[in-house]
Amino acid sequence: MPEDGIHESKPLGGGGLPRTITFTADETSGAGGNQRTPHLRNLRTFPSREAPRAVLSIPDKSEKTNVETLSEGTADDKAKNVDITEHLLSLTEVCDKFSVQANADHPQDSFGLSASQASDLLARNGPNTLTPPKKKSSWRKFLACLTSLFNLMLIAAGILEYILLGIDYKNNKANIYMGAILIVVAFINAAVEWWQQRKSENTLAALLKMIPAKTHVIRERRLESIQSADVVAGDVLFLRMGDKIPADCYVFSSSDLKVDNSSLTGESEPQERGAGNTMRNPLEATNLAFNGTLAVSGEAYAIVVRTGDSTVLGQIAGLTAGEEKAQSPLNHEIAIFVRIIASVAIFTAAVFFIAGMALYKDFPFAINFAIGTFVAWVPEGLPATVTMLLTIAAKRMAAENVLVKDLQGVETLGAITLLATDKTGTLTRNQMTVCNVWANGIMYAATRGHNDMGEPIGDVTAAGIREVLYTSALCRSVKFDRTDVSMDKRQLLGDATESGLVRFAGMRLGDEFDELLPRHAKVFEIPFNSANKWMLSIHRLPHASGALTLLIKGAPERVLRLCSTILSGGAAVPLTDAQRTQYDETYEYMASQGHRVLAFAQLQLDGSEYPDGYAFDRKKENYPAGGYTFVGLTSLEDPPKHGVREAIGRCRSAGIQVMMVTGDHPLTAEAIGRKINLVLGETREGVAKRTGRAVEDIGEDEFDAVVIHGERIADMTDDDWDVVFRKPEVIFARTSPKNKLEIVARAQSLGHICGVTGDGVNDSPALKKADLGIAMNESGSDVSKEAASMIILDDNFASIVKGIEEGRLIFANLKKSIRYTLTHSTPEVIPQILYIIVPLPPMITSIMILVIDLGFEILAALTYAWEPAESANGLMKLPPRKPVTMRSIAQLRARNARQPQVPIDPATGKPIQETHAARILRTLRAPFTKVWWQDLTEKTEGEILVDGDLLSWSYLEAGLISTISLVVVFFVILNHHGISPKQARLMAKATGEDYFNKDSPDYTYNGRLFTGEDQFYALNEARTGVIFSIYILQVFNLFICKARFRLPFGKFMFRNVRTFYGFTAGLLLLVFITYIPPLNSVFNSSYKSIPLYWLIAVGFGFLLLAYATARMLVLRKSRPIRWNPTIDGLHMHPTVWSTRHTTRSIEVTA
């Protein structure tokens, strides 16, 4: 259908906004055909926006182009990664190239390929399918999970246990269990991660359908239905409305074929395809139809010129293969934390091994002590806890129709600072809907509740309204899947614009709609084409002077040019200047809303000149070519999806910058943006118009919104990009796949954690490049789903907001879980230090540490997966955890500048890949460089997973209180058995004697004899008290860590009932290993332990609670919570339609 009133000629290589406006004969000078400046009237449809807007201070480098040179091309086809040239050939040349016989005059009689030809070509070139991306084998994936640093540390510790067992078997029998447990835990961690990845991939595989099942081809003059995978180059295809085109093909015969290229190029309007072409760029060629696109109207015959990976679909999909997937923020932070913990553990173990050798000169003792210290530092259960927390969150999101392919994507969605979204099919429904009708001099609002000016349509027989409805119903090419149901339940097969008009007419006319065409039969038709920009039909619609009526609809300026009268008061009256002025004003208003505008006209044919049965002939042009009666204007828009406005509003309230990246027209994109909370402020042009100043005089600080044309992206400097991303409201229009890639890369270079949503093939490179690619399932292409990390199963954009909130919640809960889990490290490490330095009897053994880390700690830590937010909307009022500010950008650039430059291969221009050995060597050298320490100690913007506050609480504050508690419990229990702290130290320090074992020599103290068994059981009972002390303090800590913004009191502490299940299960585990006597020898526990001593730990628990409360009060004063500022103008109440008037917005800063 026609464009919005302006005849645009697209640049040959770009596919973006045209550089020129084409003119008809009466709009150009006569002699020489030189192009002149257009009249203001011709440009009123887009006031003050005659040319592509110069956004910010970027100069407009567009040059005026002569109309006659438009078909010669102005861009490099290779930039599109498309190598098709057949569109420049004649049918004979194409037939010769592919050895096929085709008949342009009678295409149904074409011979096509022979069966033997097709068979040979299929065997030689392979099936017509897209090659799936290369994937690692299951074994390699499992091995990758197993060789993570955490798991390698556990395996190394387990191997050391067995080495020690081999050195001294008698005194290290417990190492049999220790080594096995450590190694098994590493395998369990890897298995959990691998299984979840495999499950997600299998779910995704069930969703993807790479190619349509059946295709009609002509072979040996027979029309056959074959598998699309069996289509070969040279096949003659029969395409009809509703078919998904299986390969790139050369159209040589067409009957009003239109294809929907929106999933490939981003164009929302169907494109006409037929024989003949004047365009050089294959993506704009009118005789090519591409694999993966949809035939929405008409039928055609075409010759296949590319199949499989050679198609445009395959070549654009290939862009995704070259894009490296960025490491998720969570992966990055966990990797840093693991490296730090590993370094500390290894360094500490080495230091205490040396200390043990220096003090005791006993290698088995020193190595055992070093392993104990190493095991105490490493939170063995953390990888499994993190993976299971993310898995549980992913299942919760699946229930909300959000499929997570990568577990880390759950948290990444909550961390994004910028969400770049496609428009067609993502924000909008890809359904044209009538908004306004102007007829008989009256503006009508077509949809109830719409904020456009105009009165509601009441009487459908009103002058002008009836004619618009009849023209929409009769002058059409749309088909229905069925007519025995109401209009709202029918599937319309045709282009979106005409479908919108037909649905509008059907809903308004009711049962009369289906009776119109049989009653008023069509006797002649001229289909819409890009040359005429209108569609004409003649029907048996009787009137006072005859039986036939001509109906026409199309581009307003084209239709108006054919009219001499206008419908006013129910009668045709001559067009006056006042009526033309009213027409101009109405057209200007409709176009300024970003709507597609169509004009309607009619002519009641005189029966004496055109009697019923008159033979109209298109070639003879024996139909009236002017003198029509102008009926009115209708505007249509592609409406936003339900809930999109509120979803974008919530994103912006959460401090996330939302920008639109679309292939559509800038004005359309801006108009949609204003309806969905994406654009609230004024653009530079808007400020200029309001203040009456020139556009170039408007300063950068005077406007908040910018609309960037894709053609300008290549000319933008680094400073231009900085200015763009500083604006709170940004739209990129007329973008290509490479433009989208550059936008994502530029955003990431500023430190943005970038999420990209999309459903088309043209979105897939950016989806893969982004930190989190989000594809749509129902409307999305197969390639986009493969490239994305997350798929919205119900295509509901609002589900993304739920995902963001879930991502923020899982990050908060992960942090709480780690904060809780790390707290037990200090009470595990300090007893090891006291054991060798003071020395004291070993308060805790390695097997006990594993019971803590892999026993009750995992059970309790996992309950955070179900922990609700502290307040209903609190998480979405906080800024992103890594906001992008001027300071963060400067810091990031300074950090990048001091990094060593990656060498470039002069032959390919690509970075030289570092060998594995060189990478390991560089990693080992890093801690000895100034840059490494500078990066490590530099204070960064925002919040990280494991920060100083978390480490301070876990290792120093709560960790020390827990340590003091266990030391007190330990010595109280020993004292109960008659061994004072002083005596315990003397016994541990005694040289030449080994006390506290069953076979230890007797020890006499204050006249009391302590046999070896007495010493052994007293120590084990004290150790049992220690492990219960750690458990009790951790139960208090479990609740304290729930409070991030509030005091650790109130009902919110008890909303998660699984918390009680977790610590109860942990208690049962401890009771089990304590009071089952056979297990005492394995776990160094004692069934004689008295619970009375646990009350000491309970007292320290309340002390910890009081300390946490005081700490929170101090932090509220010293480091208050920074909430996002309120954004003025956001419309958050749900409505079917949404618009807003221009207001200024407040830029969200962190």
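Placement of Cβ uses the backbone N, Cα and C atoms for every residue, glycine included.
Feature annotation from TrEMBL assigns region 'Disordered' to 1-40. According to TrEMBL, the compositional bias 'Basic and acidic residues' annotation covers 1-10. Taken from TrEMBL, the feature domain 'Cation-transporting P-type ATPase N-terminal' covers 85-166. The transmembrane segment annotation in TrEMBL covers 142-164, 176-195, 336-360, 847-866, 953-974, 1060-1080, 1092-1114.
Here the domain 'Cation-transporting P-type ATPase N-terminal' (85-166) has, by DSSP, the following mix of helix, strand and coil residues: 52 helix, 3 strand, 27 coil. Packing against the transmembrane segment (336-360) from elsewhere in the chain are residues 148-150, 153, 366-367, 369-371, 373-374, 377-379, 829, 832-833, 836-837, 927, 945-946: each is 6 or more residues past its ends and has a CB under 8 Å from a CB in it. Here the transmembrane segment (1092-1114) has Cβ contacts under 8 Å with residues 957-958, 961-962, 964-966, 968-969, 972-973, 976, 1025, 1028-1029, 1032-1033, 1035-1037, 1040, 1043, 1046-1049 of the same chain, all six or more residues outside its ends. Between the transmembrane segment (847-866) and the transmembrane segment (1060-1080), three or more CB pairs separated by 6 or more residues in sequence fall under 8 Å, so the two stretches touch. Nonlocal intrachain contacts for the transmembrane segment (1060-1080), taken as residues 6+ away from its ends with a CB within less than 8 angstroms of a stretch CB, comprise 851, 855-857, 859-863, 1020, 1024, 1027-1028, 1031, 1035, 1038, 1086-1087, 1089.
Long-range contacts of the transmembrane segment (176-195) within its own chain (CB-CB distance under 8 A, at least 6 residues past either end) are made by residues 138, 141-142, 145-146, 148, 150-152, 154-155, 157-162, 165, 375, 380-381, 383-384, 387-388, 391, 407, 846-847, 850, 854, 1082. The list of residues near the transmembrane segment (953-974) in space but at least 6 beyond its ends in sequence, with Cβ under 8 angstroms from a Cβ of it, reads 818-819, 822-827, 830-831, 834, 841, 843-844, 980-981, 984, 1018-1019, 1021-1023, 1025-1026, 1028-1030, 1032-1034, 1037, 1040, 1093-1094, 1096-1097, 1100-1101, 1103-1104, 1107-1108, 1111. Mean pLDDT across the domain 'Cation-transporting P-type ATPase N-terminal' (85-166) comes to 86 in this model.
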